[in-house]
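Okay, structure first, notes after.
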Amino acid sequence: MKESFFRTNKNSDVCIMSVQMFADVILPLPLHDKFTYLVAPGFEPNMKVGIRVVVQFGARKFFSALVFRLHNQPPEGDFELKEIEAVLDQEPIVNHAQIIAWEWVANYYCCSLGEVYKAALPSALKLESQSNICVNPNFETTGELNGEETALLMMLQGKGQANIREINQFLGKKSSYATLKILLEKNAILMEEKLKESYKPKTVSMIRLAKEVSSPDEIQLALESLKKARKQSELLTYFLSATIFHQEPKTSLLKKELLEQAGVSEAVLKALIDKKILENESVEIGRLEMNHSADQYLYELNEVQEKTLLELKQAFRSNRPVLLHGVTSSGKTEIYIKLIEEVLAEGKQVLYLVPEIGLTSQLITRLKRAFGDRAGIYHSKFNDAERVEIWFNILHDKKDSYQVVVGARSAVFLPFKMLGLIIVDEEHENSYKQFDPAPRYNARDLAIVLGQIHKSPVLLGTATPSFESYYNVKLDKYALVELNERFQGIEMPEIVVADIRKATRQRQMKSLLTPSLFEEMKLALENNEQVILFQNRRGFAPYVQCKTCGWIPKCKNCDVSLTYHKFRSGLVCHYCGHTSSLPANCGECHSEDIQTKGFGTEQIEEELGLLFPEASIARMDLDTTRAKRSFEQMIYKFENRQIDILVGTQMVTKGLDFDHVRVVGILNADQLLNYPDFRSFERSFQLMAQVSGRAGRKGKRGKVVIQSSQADHEVLQEVVDNNFIQLFNRQMHERKLFRYPPYFRLIKLVVKHKNRDRLDLGANQLADLLRKHFRNQVLGPEYPVVGRIQNWYQKEIWLKLEKSKVLNQNKRMLMDAIDQVKSLPNNGGLVIYADVDPM
Ligand SMILES: Nc1ncnc2c1ncn2[C@@H]1O[C@H](COP(=O)(O)OP(=O)(O)OP(=O)(O)O)[C@@H](O)[C@H]1O
Ligand SMILES: [Zn+2]
């Protein structure tokens, strides 16, 4: 692939002027064809792979397309070729390595290059004719605009906003992309997407001393002037003690924190600001948290870690991905930091993938300490301008900007130039897989492809490897490095299983807690130590039910029962967000006896309040961390022991690093074990081992209590023994027997329609067609666990394919079958997509 790409490029370099040049372009559309346009002789010198051009597609639509191949072969067929309308870039905005990666994604995950292009580029780099344009309210006119640009701005100002067609009309041009691009670059206009993201830089109010109060004498004067204003004087004194007179001096404080900690009202602060003693400053946060200085707290590796580091470097030499299987709290992150240091010293870039960027504030702090502004986050939630800026910094490998990019899966699409290391942290996490929309890629697997393209080492790190990766080790495709000792030689936590059934029978349950968990918690709290409780369900109760007739309220848009959220005193659909009030009577028999069933984090929090009235309890789940910074604040409070018990969903299992957690409780392991999926044991093990790993990380050994009503379940025993290998061997046997990954390749085909009968028809047509070729490798169609979401009925067809070399052929066959079914009469409203290696 790589070779042909470069060859074509070379051909175009040597082409003689009399030969016609053609450009194959990628359009941001879900179409599988390739699109070829004529290059007018005038444009030829400017043509390069990786630049954007404007092309017409369909009757009236214009797109910014990306040139991905230049050549001299006229396309076959008898149709009129269109010409490229305009050239948008002088230099490529996408590099060769990316295009190779994109082609791999499109082929492997059965989607179009256009879909990859759409996912990869920040939206400001993809003008589409549907985009709405308006004036940037922050733009200050300078003399730099020409007549046309000024006229357009005035029009937009008057009209509020306009789409690209209206702008074309206004300018009397077939395409106004070139003009818009200039205005975008000058920050004079904004695109609709930005507005939707409520384009406001994230800011916080910081309080600092006013300019008038900068010398010790001036501070003294200010304090004296406040003698009669006691509150103001207190506030200023507090401020000084927490900033310039603090043992770690700072210049400013968060306004919110200042008011809270000084315990004064906003009016007092305002008085000091009015007196020009303090001042308020709006500071942008997020990506621009620059000016961290580095190298403050670099740790030395201990002997075991040092040895592991050497082994890793050795393993990289085999040019295979390396799996680091290291127990929780063994210091994997510290080892990564050392590796990164060395790569940076060689002047190369590092990609550090994490499963969820929102949950990594502790990691970011550690990296910032080590690398200062050379480490930064790339987040798909950043606004466009920020993302574009990062894009170009990385494309041009600007040394004064990010060299270490920490990002969730979308960071694999950045235009790296000189990748020297790719780290995939917690490689087993399923959030590496993109679920919707296409491309439905797994960032871990794409990272491995990137490693090949860039000839860069790839390190997969985890305490609980995915079966896929571990199997690749067995096949010698990956190298394995193991680290079996916790930092400071602390023992792995002691894990016990508590039998819910027995405790219930003997009436010993304390609300949701078995006696053993209750006693351990009590002891920990008495010793001023902390507790983490894990329950993988948010809300108060997973569902409510009529005690008389068994009726369960369901979502009106989806085929699922509604979850009861007490704090909102209502029922919520976790699929579509639909809410309704808790019914007073049963919808069937009108009985008033409605009861909640099961328990979620909210209920646990409430019950704990009764069991441990002295303890400070916090809940960490999707509902409590929606607000900006709420996650960080909770982490901060837990770190500072303002919280004794932290109850949470999966969020508490991921990489948290606290020093004083003595006890971890898993409230209901049954839910994990009984989940209907072939991976449920693998996942149960990962989740339980990970959350257990939060206990006893510093100082003293931790204790874990797993509550279950299947106390002798073999997976629980494997968690207790930390025996990954046994679990792996046992499960792999079944995977082989029932033809599951990693032995077989799964492709899930999702068929959707708003009409149930049409869905049935379409799904059967597709399955029949597929059976002709794939025979008994086709399963279904069947309704998944939730057969209707947001009023879309859906069915699934599963392909279990042998791992063979003809995979690409098979995929082509598959895509053809999908296209064929879609184009059958009456199948207009049918949506079909493929999900390769679904999770
Ligand atoms: N060499 C070292 N010097 C000082 N502190 C260390 C060292 N190695 C590890 N630590 C500390 O020990 C704790 C655990 O290390 P770290 O978080 O890197 O482990 P991990 O293997 O990444 O854990 P997990 O897989 O559970 O996330 C951290 O607080 C870390 O700062
Ligand atoms: Zn719903």
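Every residue gets a Cβ built from N, Cα and C, even glycine.
According to TrEMBL, the protein carries these features:
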BINDING   Cys546, Cys549, Cys586, Cys589  Zn(2+) 1 binding site
BINDING   Cys555, Cys558, Cys573, Cys576  Zn(2+) 2 binding site
DOMAIN    313-483  domain 'Helicase ATP-binding'
DOMAIN    559-738  domain 'Helicase C-terminal'
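Sequence features annotated in TrEMBL and their locations in the structure.
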| residue | record | Cβ within 10 Å |
| --- | --- | --- |
| Cys546 | Zn(2+) 1 binding site | 21 |
| Cys549 | Zn(2+) 1 binding site | 13 |
| Cys555 | Zn(2+) 2 binding site | 25 |
| Cys558 | Zn(2+) 2 binding site | 21 |
| Cys573 | Zn(2+) 2 binding site | 20 |
| Cys576 | Zn(2+) 2 binding site | 15 |
| Cys586 | Zn(2+) 1 binding site | 21 |
| Cys589 | Zn(2+) 1 binding site | 12 |
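Using the Cβ center of Cys546, Cys549, Cys586, Cys589 for Zn(2+) 1, the list of other same-chain residues with Cβ within 8 Å runs, in sequence order, Lys547, Thr548, Gly550, Trp551, Gly587, Glu588, His590, Ser591, Asp593. For the domain 'Helicase C-terminal' (559-738), the model gives a mean pLDDT of 90. When Cα-Cα distances from Cys549 (Zn(2+) 1 binding site) are compared across the binding-site residues Cys555, Cys558, Cys573, Cys576, the shortest belongs to Cys555. Ligand 2 lies under 6 Å from the Cβ of the following binding-site residues, listed in sequence order from Cys549, Cys555, Cys558, Cys573, Cys576: Cys555, Cys558, Cys573, Cys576. In this structure the C-alpha atoms belonging to Cys546 (Zn(2+) 1 binding site) and Cys573 (Zn(2+) 2 binding site) are separated by 18 Å. A strand conformation is recorded for Cys546 (Zn(2+) 1 binding site) in the three-state DSSP classification. Cys573 (Zn(2+) 2 binding site) sits 18 Å from Cys586 (Zn(2+) 1 binding site), counting Cα to Cα.
Other than the site residues Cys555, Cys558, Cys573, Cys576, same-chain residues with C-beta atoms no more than 8 angstroms from the centre of those residues' C-beta atoms, the Zn(2+) 2 site, are Lys556, Asn557, Val560, Leu562, His574, Tyr575, Gly577, His578, Ile789, Gln790.
Note on proximity: of the binding-site residues Cys555, Cys558, Cys576, the one nearest Cys586 (Zn(2+) 1 binding site) is Cys555, by Cα distance. When the binding-site residues Cys555, Cys558, Cys576 are ranked by how far their Cα is from the Cα of Cys589 (Zn(2+) 1 binding site), Cys555 comes first.
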